[in-house]
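K.L.:
These came from Swiss-Prot, pasted as-is:
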- 42: active site, proton acceptor (ACT_SITE)
- 65, 66, 67, 68, 69: substrate binding site (BINDING)
- 50-110: disulfide bond (DISULFID)
- 64-122: disulfide bond (DISULFID)
- 82-137: disulfide bond (DISULFID)
- 89-98: disulfide bond (DISULFID)
- 44: N-linked glycosylation site (CARBOHYD)
- 92: N-linked glycosylation site (CARBOHYD)
- 111: N-linked glycosylation site (CARBOHYD)
- 138: N-linked glycosylation site (CARBOHYD)
- 60: 3'-nitrotyrosine (MOD_RES)
């Protein structure tokens, strides 16, 4: 007998496992708001070298992220972009909370070249450029985000 695809316990466990893995790849650490996590991932490049800067992000996520872009600008400047006209997000056009930077900024793109199960052994190459960017913005967390920013960036949707 062949098990039914969608009622098989093995298939169900596999599906749930895959969904859990996919969800965890995009999850933020629980101690941060989405705006705080955005700042850690895309603004606060703690080192001029990707391998060192990515260690901070990877330690929170407990894995080596494949790629990441750091905008060499301030959080306040990105918050200002949230005031630009809203547009559909290129990565998900059903969302209309994205905003185009309007000006190019210097950025560093980090690309994983040496993956490892040990986070400290992951190595990255970096590419610098000046590009426009598109961010998704949402209302801030009234308790944990800075009160001067009612709307904050929560996702770097695209660099162009």
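Cβ atoms here come from the backbone N, Cα and C positions, even for glycine.
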K.L.:
Around residue 110 (disulfide bond), which of the listed recorded positions (42, 67, 69) come within 10 Å, judging by Cα atoms?
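P.N.:
Cα filter at 10 Å returns 67, 69.
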K.L.:
Around the substrate site formed by 65, 66, 67, 68, 69, which additional residues qualify by having Cβ within 8 Å of the site's Cβ center?
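P.N.:
What remains near the Cβ centre is 54, 109, 110, 111, 112.
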K.L.:
Tell me, in order along the sequence, which recorded positions from 89, 92, 98, 137 have their CA within 10 Å of residue 68 (substrate binding site).
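P.N.:
Correct set: empty; none qualify.
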K.L.:
Quick check for the class: what is the C-alpha distance, in angstrom and rounded, between residue 60 (3'-nitrotyrosine) and residue 92 (N-linked glycosylation site)?
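P.N.:
Here the two Cα atoms lie 26 Å apart.
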K.L.:
Determine the Cβ neighbour count for residue 64 (disulfide bond): the number of other Cβ atoms within 10 Å of its Cβ.
P.N.:
21
K.L.:
I need the least crowded one of these recorded positions (42, 65), counting other C-beta atoms within 10 angstroms of each C-beta.
P.N.:
65
K.L.:
Looking at Cβ-Cβ distances, which residues of the chain lie under 8 angstroms from residue 92 (N-linked glycosylation site) while being 6 or more apart from it?
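P.N.:
Spatial neighbours, sequence-distant, of residue 92 (N-linked glycosylation site): none.
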K.L.:
In angstrom units, rounded to an integer, how far apart are the Cα atoms of residue 44 (N-linked glycosylation site) and residue 67 (substrate binding site)?
P.N.:
15
K.L.:
Residue 65 (substrate binding site) to residue 111 (N-linked glycosylation site): how many Å between their Cα atoms?
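P.N.:
On Cα coordinates alone, these residues lie 9 Å apart.
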K.L.:
Any idea what DSSP makes of residue 42 (active site, proton acceptor), helix, strand or coil?
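P.N.:
Where residue 42 (active site, proton acceptor) sits, the three-state DSSP reduction gives helix.
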K.L.:
Given the recorded positions 89, 98, 111, 138, which one's Cα is the least distant from that of residue 67 (substrate binding site)?
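P.N.:
Sorting the recorded positions by distance from residue 67 (substrate binding site), the top entry is 111.
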K.L.:
Can you tell which of 44, 66, 67, 68, 111 has the most other C-beta atoms within 10 Å, given these are the recorded positions?
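P.N.:
Answer by Cβ density within 10 Å: 68.
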K.L.:
Select the most exposed residue of 50, 98, 122, where exposure means the fewest other Cβ atoms within 10 Å, treating these as the disulfide-bonded residues.
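P.N.:
Across 50, 98, 122, these disulfide-bonded residues, the one with fewest Cβ atoms within 10 Å is 122.
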